[in-house]
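J.: So TrEMBL lists the following for this protein:
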TRANSMEM  67-86  transmembrane segment
TRANSMEM  98-119  transmembrane segment
TRANSMEM  139-160  transmembrane segment
TRANSMEM  181-205  transmembrane segment
TRANSMEM  211-231  transmembrane segment
TRANSMEM  331-348  transmembrane segment
TRANSMEM  368-388  transmembrane segment
TRANSMEM  408-428  transmembrane segment
TRANSMEM  448-470  transmembrane segment
TRANSMEM  491-511  transmembrane segment
TRANSMEM  536-559  transmembrane segment
Amino acid sequence: MMSWTVSDAVDYKGSPADKSKTGGWVPAALILGIEIVERLSTMGIAVNLVTYLGGTMHLPSSTSANIVTDFMGTSFLLCLLGGFLADSFLGRYKTIAIFALIQTLGTGMLTLAVSLPQLRPPPCHRHDVSCQPAKGSQMGILYMALYLIALGTGGLKSSVSGFGTDQFDEKDDKEKAQMAYFFNRFFFFISIGTLTAVTVLVYIQDEVGRSWAYGVCSVSMLIAILIFLLGTKKYRYKKSSGSPIVHIFQVIFAAIRKRKMDLPYDVGMLYETTNSEATRIQHTQEFRVLDKAAIVAEGDFEDQYGSCSDPNPWKLSTVTRVEEVKMMARLLPIWATTIIFWTTYAQMITFSVEQASTMERSIGNFQIPAGSLTVFFVAAILITLAVYDRIIMPLWKKWKGKPGFSSLQRISIGLVFSIIGMAAAALAEKKRLTVAKSMGRHNSSTNLPISVFFLIPQFFLVGAGEAFIYTGQLDFFITQSPKGMKTMSTGLFLTTLSLGFFISSFLVSVIKKVTGGNGTDEGWLADNINNGRLDLFYWLLAVLGVINIVIYLICATWYKPRKPKSAIQMENPHTKNAAEEKC
């Protein structure tokens with residue numbers, strides 16, 4: 001007889017979830033809607049923020065770029081906090097609702113910050129000697145708004161995809177197919193939200209007013225929250241098994257406590273309680289120092305009163321739990337070598353937008369907003385995904401017998417595209433600087449007589465790279481991580497974005513200091529980019545990319561996808577009983 005309830009999910013009353021009344025595509029679509037609006041808000045603010053900081057707040061180019069990259073880096077870093085709160089305390093539903101409200105508060109405050117004349121300096125040309133930058137109090141309000149938005153983004157992104165997949169039952173073949181479709185279209189709809197942000201929203205910012213654009217963000221998020229709450233009775237809710245971060249620290253702490261103990265000659269003597277072959281992870285020889293967390297020691301099964309009890313997880317871990325931590329450790333070399341891509345990506349919403357602001361952007365009587373050049377970036381993502389799905393995958397399957405590139409191959413392709421993209425950016429900037437020098441317009445407020453479309457190759461190449469590396473990273477970190485740590489591995493993936501933005505800020509600060517020079521020499525990253533050598537900064541990123549991909553290929557060759565091993569019997573059936581008898 002077919003079951004009409006989902007075994008591992010409940011409804012809003014806490015009763016077993018009825019398949020006919022909960023879950024499925026409609027609730028998943030309501031959840032997806034709030035992520036689309038989040039992308040609309042965050043990217044709509046980020047891609048055009050550098051022009052506001054320079055043109056209205058009168059900040060130097062390098063400072064403006066770092067504010068944007070720090071904002072984006074913090075947004076992704078806070079995904080770890082959001083994931084921890086969702087797994088340990090709030091659950092995904094409450095986490096989404098609370099952090100969506102926080103983001104709405106942030107966009108509302110940003111609307112206020114750009115509307116009131118008291119919160120910005122008097123208008124002037126940013127490179128005039130008498131032009132005064134924004135005061136500390138004015139920047140304080142702006143920072144508060146931006147980091148409320150970053151906090152909201154972090155909480156949302158940590159739970160939206162997970163709560164969306166909670167609406168499907170993996171044990172039901174029909175719903176499992178629907179969940180796969182949801183995953184496949186998730187990145188596509190995020191890109192649609194970004195596309196709307198860099199076209200419609202950026203145009204409203206430049207031609208109508210930033211207060212109107214940010215107001216649209218606030219109202220859109222409020223509407224999305226209301227729609228999300230309307231689905232409360234239709235959602236399926238799954239209980240968390242606890243924070244993976246806590247589980248990792250438990251294994252590490254237990255291994256440190258027993259660091260002086262010798263490992264047994266037989267792995268069957270290590271502690272294990274998992275009897276199911278489907279959930280048990282076979283013992284491996286890598287990172288053997290962590291195996292000490294599974295050594296059964298005197299007192300591990302005693303509570304504070306000296307009675308036998310379940311072991312304290314901070315003192316004793318199962319072999320399966322130890323192997324989960326080992327699996328996460330094996331991901332780290334690949335994780336580290338993908339960060340540099342997102343450092344390259346950061347230039348597309350900072351210096352590349354500033355380049356565009358100095359160039360000829362007219363098509364007839366229409367003036368293209370500088371921030372809208374990122375439309376070519378998003379278009380490259382959508383085109384690349386379509387070409388890969390419809391052309392490359394069928395051809396690759398016919399030739400190699402495999403359904404497309406592996407996750408590691410896609411990551412390597414993305415890294416190559418980013419290197420070529422930075423080389424193209426350096427060449428385009430060299431051309432722009434030549435025109436600026438020939439026209440003698442280093443301090444001019446008018447646009448240079450060079451078409452902004454010279455920047456299209458760098459946007460397109462890095463955008464195509466993102467299509468490969470984003471899907472490759474997501475696939476790699478989800479499929480190669482333990483089943484109980486999927487949320488953690490997704491957070492690990494998002495930290496590569498965060499660290500990429502922070503490294504961009506670090507590099508900008510270092511280059512600004514090292515190449516600044518004295519007198520009239522402002523270095524590579526001058527306050528007015530017409531006086532700098534941004535092309536050399538791009539070449540530096542290209543060289544770093546080449547070094548990084550060599551290291552990546554070594555790490556990818558070392559990494560072996562985990563395969564189940566049936567030759568080694570991990571658990572001695574008497575292990576647990578013997579431990580309890582010892583107690």
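Numbering starts at 1 and runs along the chain as it is shown here.
Heads up, the Cβ atoms here are built off N, Cα and C, so glycines get one too.
Curation plays no part in TrEMBL annotations; they are all automatic predictions.
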J.: Same chain, outside the transmembrane segment (211-231) by at least 6, Cβ under 8 Å from its Cβ: which residues?
T.: 26-27, 30-31, 33-34, 36-38, 40-41, 44-45, 96-97, 100-101, 103-104, 107-108, 110-111, 114-115, 201-202, 204-205
J.: Count the Cβ pairs between the transmembrane segment (139-160) and the transmembrane segment (368-388) that lie under 8 angstroms and are 6 or more residues apart in sequence, then report whether there are at least 3.
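T.: They do not touch: fewer than three Cβ pairs between the two stretches lie under 8 Å.
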J.: Which residues of the chain, 6 or more past the ends of the transmembrane segment (491-511), have a CB below 8 A from one of its CBs?
T.: 62, 65-66, 69-70, 72-77, 79-80, 83, 157-158, 328, 331, 335, 338-347, 350, 473-474, 477, 481, 523-525, 537, 540-541
J.: With CB pairs under 8 Å as the measure, which of the listed stretches 67-86, 98-119, 331-348, 448-470 comes out on top against the transmembrane segment (536-559)?
T.: 331-348
J.: Could you tell me what the rest of the chain brings near the transmembrane segment (181-205), counting residues at least six beyond its ends with Cβ under 8 Å?
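T.: That would be 25, 28, 32, 35-44, 47-48, 52, 161, 164-165, 168, 212-213, 216-217, 369, 371-372, 374-375, 377-379, 381-382, 385, 470-471, 474.
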J.: Same-chain Cβ contacts of the transmembrane segment (67-86) under 8 Å, 6 or more residues past its ends?
T.: 42, 46, 49-50, 53, 59, 92, 95, 99, 146-147, 149-151, 153-159, 162, 240, 243, 245, 346, 349-350, 487-488, 490-491, 494-495, 497-502, 504-505, 508
J.: Below 8 Å between Cβ atoms, which of the listed ranges 98-119, 368-388, 408-428 makes the most pairs with the transmembrane segment (331-348)?
T.: 408-428
J.: Against which stretches of its own chain does the transmembrane segment (98-119) lie, if we need a Cβ under 8 Å and a gap of at least six residues from its ends?
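T.: Contacts with the transmembrane segment (98-119): 34, 38, 41, 45, 52, 56, 82, 90, 138, 141-142, 144-156, 210-211, 214-215, 217-218, 221-222, 224-225, 228.
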